[in-house]
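What follows is a single structure, written as structure tokens, with notes after it.
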Amino acid sequence: MKKPLSLWITQFLIVCCIILILYFFITNASLLLNLYSFDMPAEIKIEIYLWSFIRLLVLIIQISALYFSFRCDKRARVLTILAWLPIIIVMLWSNFHEGLTSLNESGISYDNDAQRSGGIIGKLILAGLSLWLTSIILFSKKLKRYFLFEKSE
């Protein structure tokens, strides 16, 4: 059976996320290994280690989701959903943590209100597409059939 397009898109986004997390660990390896020698409160050190552990856990889940989905295993669907959850949370949080109709002004300048409204529309379209892809991942019969949860008719 051919792999559904939604699974290809999801796997591409998971690979991008894996690359970004690996880049984080490579660039911050010296910080994570020498954090105990810095003069900062213990709460901040614990927070840095906790977020690094969460990133490592997400990385392991995403790599195993890719591995099992390429093997077409039954565990692949659950792992794909678990691997997709952090991506959708980050997408929605980064879009709406400042409000529904506000834009982050860091590094971006808008010349007029038309550009600003285009940014808001783009933010809403990205959120809609990511939620649409999430619903496809959760409820698609073709995807369930691909992962052998339903018998083909």
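Just so it is clear, glycine is given a Cβ too, placed from its N, Cα and C backbone atoms.
Annotated features, as they stand in TrEMBL:
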{"type": "TRANSMEM", "residues": "12-36", "note": "transmembrane segment"}
{"type": "TRANSMEM", "residues": "48-70", "note": "transmembrane segment"}
{"type": "TRANSMEM", "residues": "77-96", "note": "transmembrane segment"}
{"type": "TRANSMEM", "residues": "120-139", "note": "transmembrane segment"}
>> Counting only residues 6 or more past its boundaries, what in the same chain has a CB within less than 8 Å of a CB in the transmembrane segment (12-36)?
In response: 45, 48-49, 52, 55-56, 58-59, 62-63, 65-66, 80, 83-84, 86-87
>> Counting only residues 6 or more past its boundaries, what in the same chain has a CB within less than 8 Å of a CB in the transmembrane segment (48-70)?
In response: 7, 11, 14-15, 17-18, 21-22, 24-25, 28, 31-32, 35, 76, 79-80, 82-83, 86, 147
